[in-house]
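Below, the features straight out of TrEMBL:
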{"type": "DOMAIN", "residues": "28-483", "note": "domain 'Major facilitator superfamily (MFS) profile'"}
{"type": "TRANSMEM", "residues": "21-41", "note": "transmembrane segment"}
{"type": "TRANSMEM", "residues": "85-105", "note": "transmembrane segment"}
{"type": "TRANSMEM", "residues": "117-136", "note": "transmembrane segment"}
{"type": "TRANSMEM", "residues": "142-163", "note": "transmembrane segment"}
{"type": "TRANSMEM", "residues": "175-198", "note": "transmembrane segment"}
{"type": "TRANSMEM", "residues": "204-227", "note": "transmembrane segment"}
{"type": "TRANSMEM", "residues": "292-314", "note": "transmembrane segment"}
{"type": "TRANSMEM", "residues": "326-350", "note": "transmembrane segment"}
{"type": "TRANSMEM", "residues": "390-411", "note": "transmembrane segment"}
{"type": "TRANSMEM", "residues": "432-453", "note": "transmembrane segment"}
{"type": "TRANSMEM", "residues": "459-479", "note": "transmembrane segment"}
Amino acid sequence: MAVGGFVVVGADAGRRYGGGVTAFAALSCVTAAMGGAIFGYDIGTAGGVSSMDPFLRDFFPDVYRRMKEGGAARASNYCRFDSQLLTLFTSSLYIAGLLTAVLLASSVTARRGRRPSMVLGGAAYLAGAAVSGGAVNVSMAILGRALLGVGLGFANQAVPLYLSEMAPARYRGMFSNGFQFSLCLGALLATVVNYGAAKITAGWGWRLSLGLAAVPAALLTVGAVFLPETPNSLVQQGKDRGEVRALLQKIRGTDAVDAELDDIVAASAATRQGGASGLRLLLTRRRYRPQLAMAVLIPPFTQLTGINAIGFYAPVLLRSIGMGESASLLSTIVLVVISSAATLASMFAADCFGRRTLLLAGGAQMLAAEVLIGALMAAKLGDEGGLGRAYALALLLLIGVYSTGFGWSWGPLSWLVPSEIFPLEVRSAGQSVTVASGFVFTILVAQYFLAMLCRMKAWLFFFFAGWIAVMTAFVYLLLPETKGLPIEQIDKVWAEHWFWKRVIGADEAQASEKL
């Protein structure tokens, strides 16, 4: 049945496969999740480095001068960091990631497998860390960011697919949400490093922050070399059934894997019979319209919560309200710890309460927090001066409430849901669309947030609140529940959904129900 987009497809549907969680599968997924750590480290590093005086003095002297000016020449609180060159430093990574995801990563992941893409991603990120840490001018710093973006393009394409395909169906939420939890740990590492680096009086602390991105990248690169490929990818590449069956038995810890293997083989056979590329199938077949809509819309919705604006520029934002450099970095550490704890809770809650429940409750929590943040800044923060201590603490508390709501809902689930809803024949292409869509809006937020903050001031947070209301309604009406369903059977939920069954048509719905 369907009520407001909620669909139930057999209470025991996700438990018909044999096996459970094995140490082999868990260790493989922990290693792969380092792809999230490199993403999180970058998000945490970019904002922290951009608030450090030595970095601004060396690379962005105009911004540094506005920070230090006093009297009539002093810039507005909302405009001190408004520099398109500074935001290009942040967004160049995501421009490179977008081009990599669209032009390279999808085909490599589909044809060569998830593991080679992770190796390539880690290697490119290592190169980017070296160039960034050794930068001597703005052009070199931006080149380093672009190389980091190539690494993220491959990692964000391959890692969520790897986690979804390796995880047992009834624990897929926990395994896949490990990507976001790893992202939070990467961001936490970055904020701690930033805090310590800012204390280095010689002025080279920012090089340490940027260069240490090599640590999670090395863990991913070396670890991926020893990872097994996913059974789904091996079947897609035409490997021997006996070889795949032996690997699946090792992953699941049982000999009873024939039902799962049959579903994987059937999904792969559909690709060969279609004779078209995954991207062409995804764009032309009505059967895939619901999944395509999720891939196109969920990543932009995630960005329009405003989370990356806060993630990129939290130290910058806190300095804008009058905090010092050290205090703003320390406060950011506290916020990341809170967000990490919420994401850890989501790893267990997603398979217990379901995806929809967490997205709806998290959306309501973020909406309330954004409205209050905007109201506080509009009422108490003018163009000059800072917030009083009590109001600054209240603002930090509200940002913490907001970060918690994101951490246990849209943060991890915006990676989980798109990675699990695509049939095998279009899975790599679908993930490519998801990554590309996310990068496009990440670029827009990274490039224009500071300019929007300067012009819209506190109203910017009401802008984000409006989008949170829209995306929460979207989930209620249009996203079915996928908790516990085997990954190769999720196609069924669209054929039973009150709206999507009309979009895909009767013939396509019947085809989905037979899978």
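These residue numbers are counts, starting from 1, taken along the chain as shown.
Every residue gets a Cβ built from N, Cα and C, even glycine.
On a predicted model such as this, the values are computed, not experimentally measured, just so you know.
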Suppose I define contact as three or more CB-CB distances under 8 A, residues 6 or more apart in sequence; do the transmembrane segment (142-163) and the transmembrane segment (390-411) meet it?
no
Sort out the residues at least 6 away from either end of the transmembrane segment (204-227), same chain, that have Cβ-Cβ distances under 8 Å to it, and list them.
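Result: 28, 31-32, 34-35, 37-38, 41-42, 45, 48-49, 52, 54-55, 115, 118-119, 121-123, 125-126, 128-130, 132-135, 144, 148, 151, 155, 162, 186, 189-190, 193-194, 196-198.
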As a test of reading the model: what is the averaged pLDDT for the domain 'Major facilitator superfamily (MFS) profile' (28-483)?
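PLDDT averaged over the stretch: 84.
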